[in-house]
Each structure stands twice: as structure tokens, then as C-alpha cells.
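From TrEMBL, here are the annotated features:
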DOMAIN    A:7-432  domain 'THIF-type NAD/FAD binding fold'
BINDING   A:19-24, A:Asp43, A:51-54, A:Lys67, A:112-117  ATP binding site
BINDING   A:Cys153, A:Cys156, A:Cys432, A:Cys435  Zn(2+) binding site
ACT_SITE  A:Cys168  active site, glycyl thioester intermediate
DOMAIN    A:329-369  domain 'Ubiquitin-activating enzyme SCCH'
DOMAIN    A:442-534  domain 'Ubiquitin/SUMO-activating enzyme ubiquitin-like'
REGION    A:554-630  region 'Disordered'
Amino acid sequence: MASQQQSSAIKGAKVLMVGAGGIGCELLKTLALSGFQDIHIIDMDTIEVSNLNRQFLFRQSHVGQSKAKVARDAVLKFRPHMSITPHHANVRDSDFNVEFFKQFNVVLNGLDNLDARRHVNRLCLAADVPLVESGTTGFLGQVTVHVKGKTECYECKPKPAPKTYPVCTITSTPSKFIHCIVWAKDLLFAKLFGDKNQENDLNVRSSDAATSSEHANDVFERRKDEDVDQYGRRIYDHVFGYNIEVALSNEETWKTRNRPKPIYSKDVLPDKLTQLNGNLDKSGATDDFSSVSAMASLGLKNPQDKWSLMECSRVFLEALKLFFLKRVKEIGNLSFDKDDQLAVEFVTAAANIRAASFGIPLHSLFEAKGIAGNIVHAVATTNAIVAGLIVIEAIKVLQKDADNYRMTYCLQHITQKMLLMPVEPYEPDKSCYVCSETPLLLEINTHRSKLRDFVEKVVKAKLGMNFPLIMHGTNLLYEVGDDLDEAMVANYAANLEKVLSELPSPITGGTMLSVEDLQQELICNINIKHREEFDEEKEPDGMVLTGWTQAPPVEEEKANGNGASSSNELQVEPVETKKDAELEEIPESSRRKRKLPEDSEGTDVDVSNVVNETKNHKEVEKLDDDDDDDLVMFDDWASATNKKKRLQ
Amino acid sequence: MDGEELTEQETALYDRQIRVWGADAQRRLSKSHILVCGMKGTVAEFCKNIVLAGVGSLTLVDDRVVTEEALFANFLIQPDESMFGGKTIAEVCCDSLKEFNPMVRVSVEKGDLSSFGLEFYEKFDVIVVSCCSFTTKKLVNEKCRKLSKHVAFYTVDCRDSCGEIFVDLQNHKYSKQKIDETVECQLQYLSFEEATSIPWTDLPKKVSNLYFAMRVIEQFEESEGRRNGEISIHDLPGVLNLKKELCEANSRQVPDTLLERLITSAREFPPVCAIIGGILGQEVIKAISGKGDPLKNFFFFDVMDGKGIVEDIKPSPNKAN
């Protein structure tokens, strides 16, 4: 195979691999066998037991060590004369800037989350380095090539949003098991064991003033000298009994739904308290919290079993008790972690009791853990295939063989006689805000939304920026960075709490904002349109961003955008996936010819509509161009902060 | 299924894949016994995949002594070990594979495939042969078919940037998920001999060129008394002559450039090993678990067009009678 030209391209190449997980291990091996000599790997993760079924460079004895480093050592054993440089770090660290990226001939992604992928895409565009991107879920996989100016960038196509649920579905009207899981994990678990100061919608809203939040909060506090068993039963009765009764009193809600049934502990567990105690000795003699288990102390073994309502209730009370007896110091600081056995037991039990109350089928701990932890299905074979495809594309990229670049789908079901389906890559989307710098449109209530809402919900959550700098004309409104002085920090902190139209340089309908990320070297222009009302269910953010193409959320989402290479995310989930739907984003040509598997629906977004809308809005903006008279100059910090002080 | 439960250790290790194929499939995997022959890069990839998946046992056959060449696409051989000499490829690979998953029994069987009797093949559920002559492939396949138990038979070979898998599951029953229900299905396979002896004129027009090119090379090696892969660019005239003969007799067209590419290098191309070894791993898992549509009966991958194609090689319906 390897022609002279090809092998010299391979030998002379300097390659950056981002991710040393499922795809990463396979990729590093295949690169090494193919003759690559100089490889850098970035991965911030350490090795876990559940990685070992597919990340074959790692052994039991490596658990807890850096993936990047162990992968390097393992590959050097069979290819000792190559250079592999591991970076045990987050790819979003400022060390990995455009200059860093410029030293490579090609970047290969084996990532597991949207944020890191978008970040790498932007750095590759800024550094003008080709990117080969990949993802797998179960038997599905895909490999795509992104070369600036030649093919679409990673963000030209819509990406499905992580599924979110309306608050009232979670708090009052669950209809699926996932709703019960979200309730148990994000509301109940957080309320009992997490930060007490966090806002929490656990208590159902009711016209009854007695359940105002102040009173309700007290319910969840363990009273002084309260027996932990009594406390557990009190919580049980409150959330599964009393709260359901309160919800039932809202007749309007149940006209079209099945009425839930309140569950009280005495009905499910009539035994005396002493009898339901598990054997605490079995639940963990050591101080190692990972061995504390309600299942163990109750003698429940198989995580695949579905517990009865009674078993769920016993696990619920036992787990709650164990938190207070064995892990009391952590209470108040805990957040749900799928690798925390006791937390998974508690959430499984609570979700199942709630499911029983609402007539929803119960699930095993194994299943509940998968849903609660957003655990993605992963097998070695798909990763191996995808790694092979990545190397084939990487070699073409190094030889600048642009006519032969392909994106390839690994399919689960044979389609047009194929299991591996290559497709010609798309051209760059001229309206892509990332690679074509097309302005976005934001509809927002400028009299009600604060700068903080804009930063959190748009700049960070949607645009995926790390170090944003927000400008209105030449006026700097907000900035994140390490080298800011105190006055600036105070000024920005104050700005964050201000309503947009009341900022020193007011943002109103017709304003154009420029948002820049200095690390990613990405600038987005955003046209602001004022809008009074938003639909609470359909537009929960209270603002709508268009021109930024995101596919609608996919039902039954398996993975959301949290992941390994983004340390500040809630979940650190070391798997190698994109969402199912994204994977099955099959080219239109084949789409016409066949019916796609049902999990592929939901990704079709008519991009042209979005574009048209943006154009119309641009015209509107020209007519409605507010001028600002209250300016804060970019380089005049003293006056900005003075003005701020005067206002206070 | 069979009532035995997975141990806690197994559930923890196999968590992510149980979420793909289910606990009952995992149990069946852990009771399955696999035999492979011919430890080149593609088979090394396959072995890694099924050892990770957690089969019960894996038996390796390859008595060749480790040489520099054997290292090429095979990550199971570490160069320092190979320098000591004396050890066979199967022995060295066995040591590496054991480390991937302590729950799988990996062992070596010495001897020649064609000399093993039925009682030997009886011990396995899946047999994969690679780098074997046309005759050996047919012989082993026939032995599998004589057994009272149902043994899945595969051949796999990569030549340069192309790869081929052949599958014989005999009479295969399996289940597949259709929206909300599980459907029971059944497929009838041809043996390697039956499939490859179908006259080319009886095959549909659109069959992949790779199928024919691989048969030409197979026949060339056979007629010259060569071993599998014992072919080079110097053989091109002979190979093209044979191709011409076969094609003219059957009114088929196979490009010379494809044959040239296939014999230019005896070495495998590592990305193709990963792809073919991955597809084969997946197919073997499907066959053992009895879940999902298995491929029938040939699979081809060519780097040039990037397609992974499934061909069902069978007599065309109008000529079957």
C-alpha cells in the first residue's frame, strides 16, 4: 500500500490526538503501526474500571493513572522508536492556544463531548490545521474531515441539544422513568445531600401559603436529636405522600392525566423500625466510602434485578441512613456521581418509588444508573473501526488529497449493501457563525434579562466560549481572564447583575454586540432584538438565539454534552461518543432512498429557514438603530468604575 | 437464558457493552470457545476485540517462528521478545492477549489445521481461519459442517489496502429488535466451497470487483502451489493471464489495476486490519449472542473507495434450478 510519497508524508507528520479513551487507544495503536513517528496526546482523564472492556492499552493496575501517559507507555512497548508526548490536561487549558496547535500537521479527535469538540474545531480553524473528527455509540460511528475553506467545519451542521425537561413535568407530572430519575437526582438528592443554598424546585407549587419555600425548606432539615430512622420516614412520607396529596389537590392538572397515588412508609413497610434496619456491619467496615452500600446491607445482590416497591423503600431508607451514619461530613457538599454506589442506590430507589406512585414501570439499578449517569453504550469493535477510518483520512489530509476526503458512517444495519458508508464531505456553510463569521440574532427581553443571563445561557452554553470578551461598539461590557485588576473585576461583577437596557452602555433592540473568545480566536457578532414575552415551556431560557444552528433535542437522550475534557462540567463521563442522532445524520442522498432507524429522527433542521429569518431581522435592525449616549470607554476604566460607585 | 448470573466483577468490567447487547448476550459470550488460525495483523485485531468482549476461551494456532516481518501490523508482538527467537507467533501473541482480560482463557494449539480431527473442532463454537490456502479453508469449513453442533466458520484475509471476510453460519437462528417487539429470524448459508464454486455468469451484475479479484489470486496461489500471501508484483503477468481466462469465460470485467494493487505488497495495511478485525469481531459477537442480523456471506473493504460492502454470494434465482 504505502507508496514512497505516502510513507514520507506519514513519517514527517506531527500529529495531535485529543482524547486517549475508547477511540484514542485504538487510534494511537493504529497510528503507531501505520508508521507515524511524532504524536502528542491530550487527555485530562484517569483510568477507571469500566474503561477496561475496550480501552485495551490499560490494565486493572493502571486504574487511577493518567490515560495519556499510560497509553504512551503501552504503545512504546511494541513501537519503541517513536516519539509520543502525553499531556495530562484539559484541552481547554490556555496552554493549548493557537500557537500550540500550529505546530501540528493534523489534529485527530477522539472526544466524548460537544464542548471540547467545538473548542478544538475553533482552534483548528484559527491555526489553519486540518481536523479529523470522530464519534461512536454502540455499533454506530462516524468519521468526518474538516479542512478550512475546503470542507464544512464541525459547527456548520446543527448538533442536537442536550435534552431538558420542563420543570413542571419533573416536579408534578412525570410520565416517563427519566422524569423520575431527574427528580430523584437533581431535586431530591441535591436537596438532601447537596448545597443547601442552591435553588431547588422540589416542593410542588401550591396555592397554599403554608408550603411557601421557607417553611418547606425546614422539612428537609434533620431536627436536633431526631432519630435517623424517624428522619428518613419523615422525608419519605413528605415527598412520596404529602407532596403527592398537595399535587392532587390541583384538580385542573389531573383532568387529562392519571392521578398519582400517595405512598406512605407505614403502608409499604408496616414493620417496626427496628426490623427494617439492615445489617450495618455488612455495609462497609472500612472508611472507604465506595464500599458503603445499602444493597449490601440489605442483602440485595444483582444490579439487574428490578426491586419491588417494598425493596425500593427499604433501600431508600437504608441509603439515607448510611449517608448520615457513614458519610455525614460530605452532606451539604455532595453532587450526584454515577460512580458513587450509595448515591446511585438512593436515586434508583427514590426514582422507582416515584414511578410507582405515577404508574410508571420500575427499572433496575443497572438501568437507572445508565440513565442517571448519562452512560453511553460503548464497544471495542466500533472504536477500532473508527480509528482505522481516522488514520485513512489523516493520511489523505497529509497528502492534501482533497478530492478523496470522505466522511464515513459505521452503520448497524446494512444500507445499500454497505456497513461502512463513505460520503463526500460538504462544503463550508457560508452562513456558519464559526467558520464564516455570520452574525447571529438574539431575541431577548432587554428590560428584564440580566447580562448574567446572556453570559450563562448564550455565550457559555450556546457559543461554547471559555474566555469571552463582550463588546458593544468600542465599549467593553464584560471579560474573563487571569490578568484583570480588581477594579475591572468589580465592574464586570456589577455589570453581570444589571438588566441589559440598564448597562453603562445599554443593550436594546437593534444593538449589535461583539463577543470574542481570545483563546479560540473566534469573534461572533450578535444582533439584539427586544421581545417582551417568551413561552415558558418552549423557550425556557427566556431568549431565542437564531443563526446558531442547533438541532432540536432528541427524545431519550443518552449522552449530553458533559464530558471528559471539560473539568468544570457536572459529569465527567469518560466515553467516546456523540449522540445517537448525530451519528445517524446520514447524507440526504441515502436518506431519500431508505427509512432511517427511528433513533435518527429529530436531526433534520431546515437550515435555510433559519438563514432567511436572520436576513429579515437584519433589515429590521437597520431601521431600529438605537444610539447610546451613556458610554463607557474601552480604555477608560477609572471613569467606568467611578460611575458605577456613584450609582450605588 | 441459562440461569447463571454474571459476577459483580463481570458486571463492573463489561458495564458499557452490556448496555449495548444485554446481560444474556454477555453470558453467552462468556461460555463461548473460539479458535483462530494465522496470527497476522487482522487476526491480532480480531483477537483483541473478542478477548475484551469477554469470550470464554480463545485458542491460537500459528507455528511460524517470530520474525521481523511478523511484527509489521501486529501489536501483540513486542520487538524485544521477538529477538529471543524460538517462540512461535501464537505463543508470543498468547502472552499479550492474556493481559487484556484476565477472565478469558487464552491458549496455544500446536500443529497444522488440516491435520486436526473432528473431535478437536468439536470443542469450539467459532472458527476463524486466515492466511490459509484455498484447500485448507474448504477443508476446515467442511469439518465444521460435519459436526453435530453448530459451529460458525469465518475466513478473513487482508491484501494490501483491501480486506475480505467470508461467513458460514450454516442454518442460523437469531432474534432481532423491531421497534417494540423481538422477531425470530433464520438464515441459510452456503459453505465456502459452495459459494466460491458458483459460476461467475450466475452471479448478479453488480457484485463487487473485489470478490472476483480475490478469487483470481486465490486460484493463482493454489495452481502455483504457493502459500497464502506468497505472491508479489513479479507474478503480475501470470495473475493477469489467469484473470483474462476467468473473465472471458464468464464475461466479467475486473480492472488490472486492482489486481496489481492486491499483489504489490504482501504486507497488510494497519488501518484496514483495524477495520476488518473490528467488523469480524462484531460479527462473531452477533453470531454467538444470536442477536442482530449477521452479515451474509462476504464483506469487502477497499481503502480506495472507502466502502464496506456486504455481498450475498448465491446463485441468481433464475439459474438456481
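Positions of Cβ are set from backbone N, Cα and C atoms, glycine also.
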List the Cα distance (Å, whole number) between A:Cys156 (Zn(2+) binding site) and A:Asp43 (ATP binding site).
25
Can you see whether DSSP assigns A:Cys168 (active site, glycyl thioester intermediate) to helix, strand or coil?
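In the DSSP reduction, A:Cys168 (active site, glycyl thioester intermediate) maps to helix.
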At the level of the C-alpha atoms, what whole-angstrom distance separates A:Cys435 (Zn(2+) binding site) and A:Asp115 (ATP binding site)?
16
Taking each of A:Gly19, A:Asp43, A:Cys156, A:Cys168, A:Cys432, A:Cys435 in turn, which of these recorded positions have a Cβ less than 8 Å away from a Cβ in chain B?
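Listed in sequence order, the recorded positions near chain B come to none.
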Spatially, and counting Cα to Cα, which of the recorded positions is closest to A:Cys153 (Zn(2+) binding site)? Options: A:Gly19, A:Asp112, A:Asp115, A:Cys168.
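Looking at Cα distances from A:Cys153 (Zn(2+) binding site), the smallest one goes to A:Asp115.
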Quick one: pull the CA-CA distance for A:Cys432 (Zn(2+) binding site) versus A:Asp115 (ATP binding site), whole Å only.
17
With every protein chain in view, how many other Cβ atoms are within 10 Å of the Cβ of A:Cys153 (Zn(2+) binding site)?
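So the Cβ neighbour count for A:Cys153 (Zn(2+) binding site) comes to 23.
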Quick one: give me the count of other CB atoms within 10 A of the CB of A:Asp43 (ATP binding site).
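Around the Cβ of A:Asp43 (ATP binding site), 28 other Cβ atoms lie within 10 Å.
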Cβ within 8 Å of the Zn(2+) site's Cβ centroid: which residues qualify beyond A:Cys153, A:Cys156, A:Cys432, A:Cys435?
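Neighbours within 8 Å of the Cβ centroid, excluding A:Cys153, A:Cys156, A:Cys432, A:Cys435: A:Leu125, A:Glu152, A:Tyr154, A:Glu155, A:Pro428, A:Asp429, A:Val434, A:Ser436.
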Within 10 angstroms of the C-beta of A:Cys156 (Zn(2+) binding site), what count of other C-beta atoms is obtained when all protein chains are considered?
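I count 22 other Cβ atoms within 10 Å of it.
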Please compare the recorded positions A:Cys168, A:Cys432 by how many other CB atoms fall within 10 Å of each one's CB, and tell me which has the fewest.
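Ranked by other Cβ atoms within 10 Å, the recorded positions A:Cys168, A:Cys432 bottom out at A:Cys168.
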Roughly how many Å lie between the Cα atoms of A:Asp115 (ATP binding site) and A:Cys168 (active site, glycyl thioester intermediate), rounded to a whole value?
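The separation of the Cα atoms works out to 28 Å.
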If one measures from the C-alpha of A:Cys168 (active site, glycyl thioester intermediate) to the C-alpha of A:Asp43 (ATP binding site), what distance in angstrom results, rounded to a whole number?
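Approximately 39 Å lies between the Cα of A:Cys168 (active site, glycyl thioester intermediate) and that of A:Asp43 (ATP binding site).
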Please compute the mean pLDDT of the model over the domain 'THIF-type NAD/FAD binding fold' (A:7-432).
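Result for the domain 'THIF-type NAD/FAD binding fold' (A:7-432): average pLDDT 89.
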Which residues does A:Asn53 (ATP binding site) neighbour through Cβ under 8 Å, counting only same-chain ones at least six apart?
A:Val379, A:Ala380
Which of A:Asp112, A:Asp115 has the fewest nearby Cβ atoms, counting only those within 10 Å, among these binding-site residues?
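Lowest Cβ count within 10 Å among the binding-site residues (A:Asp112, A:Asp115) is A:Asp115.
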